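Visitor: According to Swiss-Prot, the protein carries these features:
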ACT_SITE  229  active site, charge relay system
ACT_SITE  274  active site, charge relay system
ACT_SITE  370  active site, charge relay system
DISULFID  214-230  disulfide bond
DISULFID  339-355  disulfide bond
DISULFID  366-395  disulfide bond
DOMAIN    48-165  domain 'SEA'
DOMAIN    189-419  domain 'Peptidase S1'
CARBOHYD  111  N-linked glycosylation site
CARBOHYD  146  N-linked glycosylation site
CARBOHYD  239  N-linked glycosylation site
TOPO_DOM  41-420  topological domain 'Extracellular'
TRANSMEM  20-40  transmembrane segment
């Protein structure tokens, strides 16, 4: 009975003609294509980034050439105040969700005023760039009209122009100590923590006959700073190259060495004046992942307890293996008196040196890190070269922190050799 009832139903089915099947498939594909296209469109719109450069005047400031020096105390102080004003203005505005970043790029002193050149980044989910530019300009104009506080700004001097991503990156990369890419955490070199690409763009590898030998810091288009003892084996430029990036091999953006300038008072086998400059045959083309660190002013102070970061491809433990990828360590500057104590280095730390790490040990620079950078960010998150990895007793030992050449002590010497 059940079978006989089902048979007529089965027998009554009709197959669709091939043209109808093809038409149906094409219709489904068209709908899928439309959905995918809309998704791609809205995702692209959502991620649309706009870059701007501009300028405005700060009035009633006596002429001072120090405002032109990007590392001077005067320049950083005024830039910090203006950057805070911009952040407050945008974050309290109706486009705070579109706001990404704003920075003072340069200050140009004039008679009784300073022109501030600015750099801005925004996103706009609706891709209405002209409307966005007008709103940004309006917020900046209102900010400049509000002259509360010690500064007097001129709203009539405001200029704002949209620029390309390429030009925006070029502006930032030509300034010292800026990091387009950042990591939220720092760990140790001894023990291992890998740096991100572009996180430490001034870090370089000094190579002898193609093999990593020491670290170095890019301080100018053709100049790097390193340790003098890195040239005990050879200082013949023909045997030396410099490369950048996070991988120690293969070489990335390799450059040849024209000259090695070793401090005149350095003595082989001793630790004082362990400083050298590398001059390259050609200029380094700055980019997001390769550009220079800031040099501190000779008068700049980095007190004990200040947080610093050391980077390099040195051994992960004493006489241990060396990493393929760049390592980083977050450490602290140690009081010189504590470092000169009998249980530590017994008076061997000179005024031109500084100790950094922890008296408890463990986190430290190690073999192969020599010549590399010890850096510190200022309140504007601009990074300065505080020290040069020089010497220590093994790696990560209790009461034996790393010892670095104090860059401020050699600031005049560096300027005399490089013009920087």
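Quick reminder: no glycine exception, Cβ is built from N, Cα and C everywhere.
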Visitor: Of 146, 230, 395, which recorded positions are close to residue 370 (active site, charge relay system), meaning a Cα within 10 Å of its Cα?
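Guide: Checking Cα-Cα distances against residue 370 (active site, charge relay system), the recorded positions within 10 Å turn out to be 230.
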Visitor: Cβ-Cβ under 8 Å from residue 111 (N-linked glycosylation site), same chain, 6 or more residues apart: which ones?
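Guide: Within the chain, residue 111 (N-linked glycosylation site) has Cβ neighbours under 8 Å at 63.
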Visitor: Compute the average pLDDT of the predicted model within the domain 'Peptidase S1' (189-419).
Guide: 92
Visitor: Other than its own, how many Cβ atoms are within 10 Å of the Cβ belonging to residue 229 (active site, charge relay system)?
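Guide: Cβ-Cβ neighbours of residue 229 (active site, charge relay system) within 10 Å number 21.
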Visitor: When DSSP is mapped onto helix/strand/coil, what comes out for residue 274 (active site, charge relay system)?
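Guide: Note: residue 274 (active site, charge relay system) is coil by DSSP, not helix or strand.
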Visitor: On a C-alpha basis, identify the one among 146, 339, 355 that is nearest to residue 230 (disulfide bond); the candidates are the recorded positions.
Guide: 355
Visitor: Expressed to the nearest Å, what is the distance separating residue 274 (active site, charge relay system) and residue 339 (disulfide bond) at their Cα atoms?
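Guide: Computed Cα spacing between residue 274 (active site, charge relay system) and residue 339 (disulfide bond) is 18 Å.
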Visitor: Could you tally the C-beta atoms, other than its own, that fall within 10 angstroms of the C-beta of residue 230 (disulfide bond)?
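Guide: There are 26 such Cβ atoms around residue 230 (disulfide bond).
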Visitor: Using C-alpha atoms only, work out the spacing between residue 395 (disulfide bond) and residue 355 (disulfide bond) and round it to an integer in Å.
Guide: 13
Visitor: Could you measure between residue 366 (disulfide bond) and residue 239 (N-linked glycosylation site) for me? Cα positions, answer in whole angstrom.
Guide: 24
Visitor: Using DSSP, what's the helix, strand and coil tally for the domain 'SEA' (48-165)?
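Guide: Reading the DSSP string over the domain 'SEA' (48-165) gives 41 helix, 46 strand, 31 coil.
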Visitor: For the recorded positions 146, 239, 370, work out the Cβ neighbour count at 10 Å and name the residue with the minimum.
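Guide: Candidates: the recorded positions 146, 239, 370. Fewest Cβ atoms within 10 Å: 146.
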Visitor: Between the Cα atoms of residue 229 (active site, charge relay system) and residue 146 (N-linked glycosylation site), find the distance and write it as a whole number of Å.
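Guide: The separation of the Cα atoms works out to 56 Å.
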